[in-house]
Every structure is written in C-alpha cells, then in structure tokens.
Amino acid sequence: MIKLVLLRHGESQWNRENRFTGWYDIDLTDQGREEAANAGKLLREGGFVFDVAYTSVLKRAIRTLWSVLDAMDLMWIPVFKSWRLNERHYGALQGLNKSETSQKYGEEQVLVWRRSYDTPPPALEKSDERYPGSEPRYADLAEEEIPLSECLKDTVDRFLPIWHETIAPEIRKGRKVIIAAHGNSLRALVKYLDNISEEDIVGVNIPTGIPLVYELDDDLNALRSYYLGDQEALKKAVDAVASQGKASQ
C-alpha cells in the first residue's frame, strides 16, 4: 500500500488577518511555524519517511516544508518547487479582508468566489502592482500561464500536469512523497484523488499545518484518507477555515 502525505502550510500572517492571500508571498506567523514543526513531529512519531518532497514557490509553503523535514531529520532529501503548486490566484480580491469583503458583496457571493468550482473572482489588471508577471520567480513562464484570477477549475488544470508528469511517476517508482502546498492547490488534488463532484468540493476545507495522509493502491486510486493528530483540534481547525468568509457581526 502506498502512502502520500499532503500538508497545507502553517498559519500565515494573512491567514491570521483573514485576508485573501493567493500568490502574495506572505510568511508564517509564530503559530504557523509551531504548526509546521508539530506536523513534522507527528509524521516522525507516526513512522513516516520521505524520499522526495514537492512544494510551491511561496515562502509559507517552503518554510513549512523546511520545518517538517528538519523535525524528521530529512533536510537532505530532494525538494522540488513549482509555481503549479501555488495557491489559487484570488485576482482583485488578493489582500482584501474576507469578512469586510463579505459585508460589501454578501456572504453568498464571497462563498462562491472562495469555494465554487468554476467562478473566478474579479480579475487583476496587468498594470496592478499585485500582478505576478513582474516577479523574477515567474520569469520563465509564458504570459498566458500567469493568472489574473483563478477559480478552482483553473487551479486543477494548473496542478494536474505536474501530478501526472512528475509526482505520480515518482510514486510509481516506489518513492515516498510529501507535498507541502496551499489550501486550494491541495483541494484541487483532493478533488482529483477522491473524484469529488464540482458541487461537493465546495464543502471541503483543509486546515493549516495538519498532515493529511492518503492510502493509494498500485494504480494510485485512493483507498482512504485521514488526518494525523488530535481529532477535536482538527474539527476546530476545519470549522475555522469554513467560517473565514463570513461577515463580521
């Protein structure tokens, strides 16, 4: 039986401030660093080892992976970074407070932007200072690959090529893999692995800093999945993610 570990980065500063983060390169909070270290401890105590790791090009995911590998004494394994594992791009919402945005546009509209499958938020203009095309880390991308806004469908379409062409072949070779990424890029993979419908993916929330273990058969079909750690704390963390888009009372 094959085990694949998925890990959303620890709490970032904009998670704490309840902002749409997207491709903005915000760092972890102290709590986020603690979550990452604890994830590494849980994995070590659970007897997990890894041969190769994958992450995005955003520091909150990279630093989370560093902390995990440090806690497991695995900092020597190969780490591959790709923009394809980045968070979903939130377009013109990036940097805005989620509760304030809900007050302005309504909770239902913000839920659609946050969690629907095929409705992207309002797009950025290329002249906007938040447009990622001017950043050196994306210099090798074609202009059409750099998003102005993304829905989850766009994120799935961005993520699956690296899964099929790079990650899945490594797993089939017998390599033990961890993917440290973001809430929506991981939701994209979870949707694929569990064959979740476009309607049901709306209700899937992935908490920060808690390892999600997938057990796969030889054809990489999902047999079951589960989170490591305290289940009561897990429920609170999932509920907290679900409530982020609600208007402040």
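In case you wondered, yes, glycine gets a Cβ from its N, Cα and C as well.
Sequence annotations record features per position, and here Swiss-Prot assigns active site, tele-phosphohistidine intermediate to HIS9. Annotation note: HIS9 (active site, tele-phosphohistidine intermediate) sits in a coil segment as assigned by DSSP.
Taken residue by residue with DSSP, GLU87 (active site, proton donor/acceptor) is part of neither helix nor strand, so it is coil. When Cβ atoms from all protein chains are considered, those within 10 Å of GLU87 (active site, proton donor/acceptor) total 26, not counting its own. Annotation comment: Swiss-Prot describes GLU87 as active site, proton donor/acceptor.
Summarising the annotation, Swiss-Prot assigns substrate binding site to 8-15, 21-22, ARG60, 87-90, LYS98, 114-115, 183-184 and lists sequence analysis as the type of evidence. Under the DSSP three-state reduction, TRP14 (substrate binding site) is assigned to helix.
Per Swiss-Prot, the feature site 'Transition state stabilizer' maps to HIS182. For HIS182 (site 'Transition state stabilizer'), applying a Cβ distance below 8 Å and a minimum sequence separation of six or more within one chain yields ARG8, HIS9, SER56, LEU58, ARG60, ALA61, LEU85, ASN86, GLU87, ARG88. In the three-state DSSP reading, HIS182 (site 'Transition state stabilizer') counts as coil.
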Three-state secondary structure, which DSSP defines for GLY22 (substrate binding site): coil
Least Cβ-crowded entry, counting other Cβ within 10 Å, from the binding-site residues listed as GLY22, GLY183: GLY183
Listed recorded positions (HIS9, ARG88), ranked by Cβ neighbours within 10 Å, top entry: HIS9
